[in-house]
Amino acid sequence: MDDGYPPVSILILIGFILLEAVFYGFGSAIQNVNEGKLEEEAAGGNKKAARLLEIVNRPVRFVHTIQVTTHLMGMIIGAAILPAMIGMVERRFLFGKVLAWVDPAQVMAAAGTPWYRNPSWWQWAGILALVTIFVLVLVISFGIIIPKRLAAKEPEKWGYHMLPVVLFFAGVFLPLTRLITLISSLVLKLFGVDLADDDGNVTEEDIMSMVNEGHEQGVLEADETEMITNIFELGDKEAADIMTHRTNMTVLDGSMSLKEAVDFILNEGVNTRYPVYGEDIDDIIGILHMRDAMTFAEKEENKDRMVMDIPGLLREANFIPETRNIDTLFKEMQSRKIHMEIVVDEYGQTAGLLTMEDILEEIVGNIMDEYDEEEDFIQAMEDGTFVMSGLTPLEDVMETLDIELPEEDSDTYDTLNGYLVSRLDRIPQEGENPQVEFGGWLFEVERAGNKMIESVRVVPVPKSGKAADRGKDSVEEKYDAVNREYEGDVS
């Protein structure tokens, strides 16, 4: 393997690269193999499939074997093969041999010449760098990247062909791998870490990385990727994040007659369940199901009775706090067969309404039936402007206009109305049209009412910035006019 036999070094290097290809390819194969297919073949009597399935289910020993083998080969390449190849290159391409095994700095110093002034030293350093890069390129390309990609494409085929080689080396290095595992376990236990607990652990980040990679490679569609992402994000959301706010709830007055309730459900309602209140919306006394209402309405004596006075008509209402985790809530609603929850704030007042459909929509997107009217929050105009509802989700505004808001604002406000009111520091009056400029867009309130901004026109701001100046003046002028009007100064 030394200077006398350079071809032997090259052959050994090629052999090590092939071994690296076997182990890295096998590792990629057991990560990507179809376990269902292996189980079918193992059940059919395929011994290789059964053995491969055993490795897939308990890969620790073979992972250690792969690590030991690849690291050992790397050490041999660095300690023996690389110097031999450097010596071969020196003999072939230099007039004189410049030290394959002796420190060049010592020789230069002995000759009375500083090492950095001697061209031979730089020749030696250049050869060392070139040979090292050449070997690294060979090992990484043909020993790691190429076999891993090929094995990932046909994992079963690679697994079957490489299995005998891996089993052989697993047996050879079994004492060494057990010794390494024992030492690692003892040291880790000193730090309070149990090596057995980490075997086979897969984190959420690992799964999301695989999902994103699958989407980039075209294995997963965009909507599939979004659904998987939404499932993981579900555990970070609370009831207040997805509920229907109390101002948008459709509720029934408990003092109305059953006939009036049925007429409302059939003619104006679009739901099958309705919260029923006593004194006000903060006093929810039960849930009226459309089927129950129709059944009880068949009896004439019930039609003119108040909804709250008919025994057995209303179902029990379930209450949850605003901070209830959606993930655990979903499981509870499934197990208890609950389809509607009343969300209450810290003062016990009704904050909103949450249904099973709301949770499912967080995963799969908006679910529309034949009676639902699609809410068109954003209308694109021909002149390049937009008309937006005050209830437009802030995320949709940012996506449509391609702008970014500070994280504290996007986390604090859910709708365009909430954000604009915070920027104005007041609720616009009816007939008032204040303006706010941010992100290169001018937001002009078109219509305000019911203590909120109902409609907003969004206009791009010219690069000169004049629109922004006009917007600022307009806000100040109209704000002063409103103040004068309240003070009685406006004639």
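Glycine is treated like the rest: Cβ placed from N, Cα and C.
Lifted from TrEMBL, the feature list:
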COMPBIAS  466-491  compositional bias 'Basic and acidic residues'
DOMAIN    2-224  domain 'CNNM transmembrane'
DOMAIN    243-305  domain 'CBS'
DOMAIN    313-370  domain 'CBS'
REGION    462-491  region 'Disordered'
TRANSMEM  6-27  transmembrane segment
TRANSMEM  68-89  transmembrane segment
TRANSMEM  121-146  transmembrane segment
TRANSMEM  158-176  transmembrane segment
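Across the domain 'CBS' (243-305), the prediction's mean pLDDT works out to 92. Mapped onto DSSP helix, strand and coil, the domain 'CBS' (243-305) counts 25 helix, 16 strand, 22 coil.
As a summary of secondary structure, the domain 'CBS' (313-370) carries 20 helix, 16 strand, 22 coil according to DSSP.
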